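**Student:** Before I ask anything, let me first share the structure, which is written out below as structure tokens.
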Amino acid sequence: MLLNMRGRHVALSVLAVRRACHLSRSAHTSPQTLEYKPIKKVMVANRGEIAIRVFRACTELGIRTVAVYSEQDTGQMHRQKADEAYLIGKGLPPVAAYLHIPDIIKVAKENDVDAIHPGYGFLSERADFAQACTDAGVRFIGPAPEVVQKMGDKVEARAIAIRAGVPVVPGSDAPISSLQEVQEFCNTYGFPIIFKAAYGGGGRGMRVVREYEELEENYQRAYSEALAAFGNGALFVEKFIEKPRHIEVQILGDKYGNVIHLYERDCSIQRRHQKVVEIAPATQLDPHLRDRLTADSVNLAKQVGYENAGTVEFLVDKHGKHYFIEVNSRLQVEHTVTEEITDVDLVHAQLHVCEGRSLPELGLKQDKIRINGFAIQCRVTTEDPTRGFQPDTGRLEVFRSGEGMGIRLDSASAFQGAVISPHYDSLLVKVIASGKDLPTAAAKMSRALAEFRVRGVKTNIPFLQNVLSNDQFLYGTVDTQFIDENPDLFNMKPVQNRAQKLLHYLGHVLVNGPTTPIPVNAKPSPVDPVVPAVPLGATFDVAMRFLCECPWKRLQELRSLIPNVPFQMLLRGANAVGYTNYPDNAVYKSNKENILLQKPEKNGMDIFRVFDSLNYLPNMLLGMEAAGSAGGVVEAAISYTGDVSDPTRQKYTLDYYLKLAEELVKAGTHILCIKDMAGLLKPEASRLLVGALRDRFPDMPIHVHTHDTAGAGVAAMLACAEAGVDIVDVAVDPMAGMTSQPSMGALVACTKGTKYNTGISLEKVFDYSEYWEVTRGLYAPFDCTATMKSGNADIYENEIPGGQYTNLHFQAHSMGLGHKFKEVKKAYVEANKLLGDLIKVTPSSKIVGDLAQFMVQNSLTRAEVEERADELSFPLSVVEFLQGHIGIPHGGFPEPLRSKVLKTLPRVEGRPGASMPPMDFQALETQLRETHGDDITPEDVMSAAMYPKVFQEFKEFTTTFGPVDCLNTRLFLDGPKIAEEFEVELERGKTLHIKALALGDLSKAGQREVFFELNGQLRSVLVKDTVAMKEMHFHPKALKDVRGQVGAPMPGKVVEVKVKQGQTVEKGQPLCVLSAMKMETVVNSPLSGTVAKVYVNVDSSLEGDDLILEIAE
């Protein structure tokens, strides 16, 4: 390393010697070089990409370089690119450090700096800084201090322009010092007007005001921004020209009175008066206008004896008239496009002019400056166009730039791992594309931007891509209203970012464990099934809630994989696929728009098993009519409870079931089903019920579904077969038994050689079972055998449905009440009796279960509940059931319990959905698009209608973690092991090769860095340790689904709080002011109400979405 460094310095020394010899010879041949003083060391009093740009030019000329940096910039690249780097502004705020002239001069003098380059922004247009350099004997690479004073002060520059005969916009003759002066100007010239900072540019302190009511607020904001950015809040005001082109001319002068122009740039594409895209030369510019612009620029520069590089800026109105607005007495951000079309290195020229060389000596004569093609510069910033270009901060998890022919990149700290600070400008990298014409340059730029991969922070790249593909941009002319008048520029294609999101998910699981609630402390099996994955179905909400997959996508994929097998779904009557009642149009739409039922050819449903948890006929008829109208096969399901073989059970008798079946057959069902969710069908009851149905409906297909909790399921299904059933449900052997369905293998074996032979080969059953036996091991964390070791015949007493039995068992063990599970089962019996002996199928079974757990938790007996019903706080599900929200149970509601619980609460009479107002699907879709973007599908709308909270959480999950459905089961549940290598196929032809490398220590921010290798490249993600963070204090976040919580729209510092607790506010009223990256943003109230609590103070530093205050409506 020492040898390399020494070699570099030797090389630089040789460059310097050769350069000095050449210049020495020139000094003897040209009288104009008598003042030539070579520069040996240059300091750049700036940061970021402009500092690096100057350092590179210095290195090319053999000049040693010095960087300065603030305490917040210790990790920035510009200090590493220089030969030397020194801290300035210790203890000062981030921006103030670079504005601290004494520190900068001190570092320059202590380190033998010959000249200081100010870059742009900060001190670049401060005459006092230029003078301080001169006083210290250090050359200022720019105009003389008095010229900086004249040109940097826009008011004085305006006066000079008037004297030079250059047209100007009507405006104040001097900096304004009060709001009253502004008001007087407005009375004279009218609105609109514009405020501008008198001592700086870049859009800081610039505000357009169109109405008198906005005047005071914008004056205060402009003054505050100018003061923060330039150390001086002085403003001037001028008439605002509507829809002008913003054309600027690059000038270059020397110490001998020579001034040339390097043609113009079009900087009209702006937002917040800050340039976004710059073009050189300006397209479709009248040659005579070009001549006037360049001539006026050179004339103005000569009038003040301008030296070094500068820019003269003009507005050109729609009539082709131009107005001088200001001179930027410095190098511009967009100087790059001029360099590309003229082949003139402006920084080289600046350095040479500062040394005393003349423009002719440098070969820079006006008649030799030619335009060659077109160049475009795009400023890639860490701003989010979808949120009003609000700055984004954070760590660059991934950075890959675009390159290739015709592309130039000027950047600073754009690399993987770099931290984007809220303290400075949001510029990440300048991308410059060159071509023979504008479309060619635009095509190269589009290609380069498409190659960029920036992860960890938002960028404006999608917006820039839209600009570059806009026809007006490519083939017409643009003005400063281009962005405002083209809202389609904001229709941006979402960035997928799938790989990095998956790494975040895997890192999250490695740090915090599974995202899906795990009921059993067991790990998934490390062995994967040996055959390709067999597609599975899942209940609608389980797919979103626990598997984090879209149920519609899963269904569509299954249909494409199995096109010739009928698919069946459960439809809970008026509950559709949810657990509550919905308006009729959510279950069935007469206009054929209900996507849940109306698109079997797309989503794949053929058979609709329609049931109701209470066997409430009106609810069932609604579901049957909707399914039938959709063209589906209707299978009406009677939910079974009780025991038709027990003559003492008089509520749910054989006659009850036959009468209900009669109504369903009359309604037009294609198949009749017995749905025995609790596994209560005994062999004798099976023979009685199925036999009676077969006798009554000899031509109707009969289907029986049961559970095997007691262990008698196979016997019951054989009895059904003997009684004439057509179809029975079974489970593959490794998944059968207990709370699941009876064994498929057992039933196939028992019927073999009989008239009930299924025709299925046992060998094929065994092969099929082998796969699922291995698969079950992957789901060990959910396996009921962790707490249930065998079936249990007490199901005939408590009548708990199979799925709920497992859930209750897990809940009891997870709450430390495993030893009380027997009490829970007994309470379930009592709760069922309290509610009138219900049919127990979701959601009615949950109601009974909620009441049972309520009784156990509060040590209540059935008698005590009945006695104290008017004073107890019952679970909400119980109250809503008694109100009639899911329908009317057979035999009516239990009295006097119902009256005691409800008191004066309203009651639903008849079918609940009939009295509900129709759901406004159009309004719901609009709301979802506002929240989640325009990629909302009709299926998403239905998901949100059925499960609003689950859908919201699902969208938030996928936004954070991406498409986890491409992970295998073990990786999804338990994450990878350290040093494990695996592949993830995102889509056909796109496979990720991933290796988990290491897990970092806990940081002060409560995060751990997780390291991966992705496609051979090192990647890392920062993951919040949720356990550790509970012990650490962090600012609360605003919840998006709580209307009154107002969050920070961007990271930044609070500069003003405009309200206090208890104050009444109106919608749109300013609440506070945030400052970030030298831009101020007013946070307005989203609603009218009263301020309940304020969570911030002046100078509070906030991250995005940090809670600012709460408003109570």
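Keep in mind that glycine also has a Cβ here, set from the backbone N, Cα and C atoms.
Dumping what TrEMBL says about this protein:
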type	residues	note
DOMAIN	38-488	domain 'Biotin carboxylation'
BINDING	Lys154, Glu238, His273	ATP binding site
BINDING	Arg572, Thr842	substrate binding site
BINDING	Lys675, His705, His707	Mn(2+) binding site
DOMAIN	1043-1112	domain 'Lipoyl-binding'
MOD_RES	Lys1078	N6-biotinyllysine
**Student:** Around the recorded Mn(2+) site, report the further residues of that chain (criterion: Cβ within 8 Å of the mean position of the Cβ atoms of Lys675, His705, His707; site residues excluded), sequence-ordered.
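**Tutor:** Near the Mn(2+) site, beyond Lys675, His705, His707, sit Tyr640, Ile674, Asp676, Met677, Gly679, Val704, Thr706, Asp729, Gln741, Gly802.
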**Student:** Could you check the binding-site residues Lys154, His273, Arg572, Lys675, Thr842 and say which one's CB has the fewest neighbouring CB atoms inside 10 Å?
**Tutor:** His273
**Student:** Of His705, His707, the binding-site residues given in the record, which has the fewest other CB atoms within 10 A of its CB?
**Tutor:** His705
**Student:** Would you count the other CB atoms within 10 A of the CB of Glu238 (ATP binding site), including those on all shown protein chains?
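**Tutor:** The answer is 21 other Cβ atoms.
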**Student:** What is the interatomic distance between the Cα atoms of His707 (Mn(2+) binding site) and Thr842 (substrate binding site), given in whole Å?
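**Tutor:** Between the Cα atoms of His707 (Mn(2+) binding site) and Thr842 (substrate binding site), the distance comes to 15 Å.
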**Student:** Can you give me the Cα-Cα distance between Thr842 (substrate binding site) and Glu238 (ATP binding site) in Å, rounded to a whole number?
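**Tutor:** Their Cα atoms are separated by 70 Å.
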**Student:** Excluding Lys154, Glu238, His273 themselves, which residues in that chain have a Cβ inside 8 Å of the centre of the Cβ atoms defining the ATP site?
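**Tutor:** Apart from Lys154, Glu238, His273, the close residues are Gly171, Ile194, Phe195, Lys196, Ala197, Met206, Phe236, Ile325, Glu326.
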**Student:** Cα-Cα separation of His705 (Mn(2+) binding site) and Arg572 (substrate binding site), in Å?
**Tutor:** 15
**Student:** Taking just the CA atoms, what is the gap between His273 (ATP binding site) and Lys675 (Mn(2+) binding site) in Å?
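**Tutor:** His273 (ATP binding site) to Lys675 (Mn(2+) binding site), Cα-Cα distance: 68 Å.
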**Student:** Relative to the Cα of Arg572 (substrate binding site), which of the binding-site residues Lys154, Glu238, Lys675 has the closest Cα?
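**Tutor:** The smallest Cα gap between Arg572 (substrate binding site) and any of the binding-site residues is with Lys675.
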**Student:** Report the largest Cα to Cα distance, in Å and rounded to a whole number, among the residues Lys154, Glu238, His273 that the record lists as binding ATP.
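**Tutor:** Pairwise Cα check on Lys154, Glu238, His273 gives a maximum of 16 Å.
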